[in-house]
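What follows is a single structure, written as structure tokens, with notes after it.
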Amino acid sequence: MNSQYVVAKFGGTSVADFTAMHRCAQIINDDPSVRVVVVSASAGVTNHLVTLVQQKSNEAQRLELVESVMQIQGNILAHLTLDEDLQEGFNTTAEQFKQLAQLPALDQQQCDEILSFGERFSSYIFSQVLRDLGVSTQRFDVREVLKTDSNFSKATPDVAATEKAASDLLVPLLDDNVVVTQGFIGSDKYGQTTTLGRGGSDYSAALIAEAIGAKSVHIWTDVVGIFSTDPRLCNKAKPIPRLSFDEAAEMATFGAKVLHPATILPASRKGISVFVGSSKAPEQGGTWIEKETTSQSGIRAVTQRKNQILLTLKSPEMLLASGFLAKIFTILSNYNISVDLVTTSEISVALTLDNAPNATRPELDQACLDELGAFCHVTVENNLTLVAMIGSEIQLQGGEDCLVDVLSEFDIRLICHGASRHNLCFLVEQNKSDLVVQSIHQKLLEAA
Ligand code: ASP
Ligand code: MG
């Protein structure tokens, strides 16, 4: 049964400085149904922390990175006086951060511990901003409830354990307080800190909403919803007022950077609606993502995701044999590699992997390539972009005949359509992809 509670999540730019935080606090103050607030690290902080854990820095550089992080927090704190409980917690956390950051070598668990500090600092500071508006606010350590496996840097949540812990520890607080907690981080069964991967705070918010049975999640970011394409690329891009869970999941997966791709999972499991809007302009509305939408069929958006790796695996011995795909996917899964697109023929398979430039660890490592290379010929191509057209009931013939014309203009490396009726994806060379997206948007989404 869904309660009337709302979970609100504020991203890095929404909590970048005091003014931004103050705007977010007003949004919460204006909406009494918001009971849980999930905060990201202030803009720039996680990037510094990623540099720190990558261990390419010497002692002086590490000190400088710590200094930069503390400077961002200090600039916000200059506008506030923390209550004693928050001040004490903040000081202890800052001390832990400084000590850990000076270690010359870190294991994976320590890396996740370091990555967690941005969200932890934000939660102390934001709690005070809310209290200063007169909102009864309690800071809560999300690691007590958001339980995950021990796959550091990309942990998988344990939904049942999270739900149990949330009903024991979090739900009882919600009648009398707004609870401020951290996105992106969790803890494994030994109590060690884990992280959910870059941009994971949206996912955290949806997981918490699921765990407390909230009615909706509000994702506050710096754009007024999800657009038909990146508005920086096409000035005629339009916000989409309503999307279905399926459409939104495809958009997030294939490059609309507004939302972490996994966010839709918990929301659709429990039928929790998701709102995406701008904390700078809440009055402008945003996009509502829900189970049922009345949206028309056809293409509604075009997205792109750069830095894709195309892996082609070929094994002539596999002609008429079986088990080739199983073997490949077992290896990829052993290395925790997530595959996006796949096309196959009898003796070869082509697949794409995401190689996000700011990921907390690289997607493809040499050991995996060696294992694949032991039984098939492997080709790796880089500098490709995955372009995706997204909507519902996309068809190559009939209503969308112009689609074929549009596609025929470009030099396409691989094309996928059919597994889902919500997307049609292809790969193009990275340096042409902006043009491809602009052209598709103009021909298919700007008419009428
Ligand atoms: N701070 C983390 C990141 O920058 C998580 C988030 O903001 O969603 O990736
Ligand atoms: Mg984000």
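Even glycines carry a Cβ here, placed using N, Cα and C.
Look at TrEMBL and you will find K9, F10, G11, G12, T221, D222, R232, K257, V258 tagged as ATP binding site. The substrate binding site annotation in TrEMBL covers T46, E119. According to TrEMBL, the domain 'Aspartate/glutamate/uridylate kinase' annotation covers 5-277.
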How far apart, in Å, are the two Cα atoms that lie farthest from each other among K9, F10, G11, G12, T221, D222, R232, K257, V258, the residues recorded as binding ATP?
24
Which of these binding-site residues (K9, T221, R232, V258) have a C-beta closer than 6 Å to some atom of ligand 1?
none
Which of the binding-site residues G11, T46, V258 have a Cβ less than 6 Å from any atom of ligand 2?
G11
Considering the binding-site residues K9, R232, which residue's Cβ sits among the greatest number of other Cβ atoms within 10 Å?
K9
Any idea what the Cα distance is from E119 (substrate binding site) over to V258 (ATP binding site), rounded to a whole Å?
19
Length of the line joining the Cα atoms of R232 (ATP binding site) and T46 (substrate binding site), in Å:
24
I'd like the Cβ neighbour count for G11 (ATP binding site), meaning other Cβ atoms within 10 Å of its Cβ, all protein chains included.
26
